[in-house]
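Participant: Summarising the annotation, TrEMBL assigns domain 'CS' to 5-132. Per TrEMBL, the feature transmembrane segment maps to 188-208, 279-299, 319-342, 362-381.
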Amino acid sequence: MENQVLTPHVYWAQRHRELYLRVELSDVQSLTLLLRLECSNMIIAHCSLELLGLSSPPGSASRVGLQNPAISITENVLHFKAQGHGAKGDNVYEFHLEFLDLVKPEPFYKLTQRQVNITVQKKVSQWWERLTKQEKRPLFLAPDFDRWLDESDAEMELRAKEEERLNKLRLESEGSPETLTNLRKGYLFMYNLVQFLGFSWIFVNLTVRFCILGKESFYDTFHTVADMMYFCQMLAVVETINAAIGVTTSPVLPSLIQLLGRNFILFIIFGTMEEMQNKAVVFFVFYLWSAIEIFRYSFYMLTCIDMDWKVLTWLRYTLWIPLYPLGCLAEAISVIQSIPIFNETGRFSFTLPYPVKIKVRFSFFLQIYLIMIFLGLYINFRHLYKQRRRRYGQKKKKIH
């Protein structure tokens, strides 16, 4: 009766150009070590036999040629065979995988004490819907969630690497990379520091006033902190410019949506209507904005000097979950409260020229803007959720 073929647990992930296989097999000795051990054993055995006047056993030389692990790709099929410690103890384990599409026939592997890591290059850079040609996934094969990305995340990673490569080439052509990198970090550190101090002043001011005056502090919030909020929000233009010209790797769209949305509320809804400046909603809008930003800018500030404070990192990637929707809700309430005021004053309303002569009220655009607030919430929420998922490696739904 033939011995049962033992298969190790294999985990896989992919990028557009590469496939990654992680074979759960420990204590796999390299070829060099095996050859040394085999040769040493053969020499000892050969010397012992000569002393006894006997010849070497047949086939002893051929064992020197054994490879461990034996990994090869023939006809687009990966062949693996190795001696190691797996689920069935110390045995010989093997498996074969026929890839979905063409790959290069030279696999690269690296041995660690606990596993064998194999990298296979795709012949064509593209995303595969699965690993194997057969639709049914082999029982020993599973996704490697430590390295797993979906296609959109992989494209973002690819773009980030390409941007990093282009930035590196540009820096090399313009001057010393180290000097320019330090200048960039210093510039970003100062920008984030100024924003952190500005929003911290607003947050502390509103908190102290609320503790002393209670609800009465709601109604003069604008006159108390508006100048600092104007400064911080005008300075936030720099953040969008940084993303647009490649100083930072942040996407332009989420930054632009936040900049335009907040400045519209600040300069148009609050800034041009004195009736809105005494509303309690101003307190909640300013308080939620500053609560979000003091953690965001302090996190970015420490990142510029390569510091990672785990508590701050968790707060930066978690507090936005309740605060960001609440901030958007407060903005929406401020828009709703301003609609009757704009209708009464007629500010920013206009009449279309002859022969139409239809009066277009500014409140019509405010109603459209209400829809845009929640559309922007969806876009930015999705972006922030992806950032959090990448940071903490949340496992996705299993895909073979």
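Our numbering is plain: 1 for the first residue shown, then up by one each step along the chain.
Cβ coordinates come from backbone N, Cα and C, glycine included.
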Participant: May I ask you to check whether the transmembrane segment (319-342) and the transmembrane segment (188-208) make contact, with contact taken as at least three Cβ pairs under 8 Å and only pairs 6 or more apart in sequence counted?
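Facilitator: No; fewer than 3 Cβ pairs under 8 Å.
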Participant: Residues of the same chain, at least six outside the transmembrane segment (362-381), with any C-beta under 8 angstroms of its C-beta?
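Facilitator: Sequence-distant neighbours of the transmembrane segment (362-381): 253-254, 257-258, 261, 264, 324-325, 328, 331-332, 335-336, 338-340, 342-343, 347-349.
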Participant: So if I exclude everything within five residues of the ends of the transmembrane segment (188-208), which remaining residues of that chain have a CB under 8 angstroms from its CBs? That is, six or more out.
Facilitator: 217, 221, 224-225, 228-229, 231-232, 235-236, 238-239, 242, 247-248, 283, 286-287, 289-291, 293-294, 297-298, 300-301, 304-305
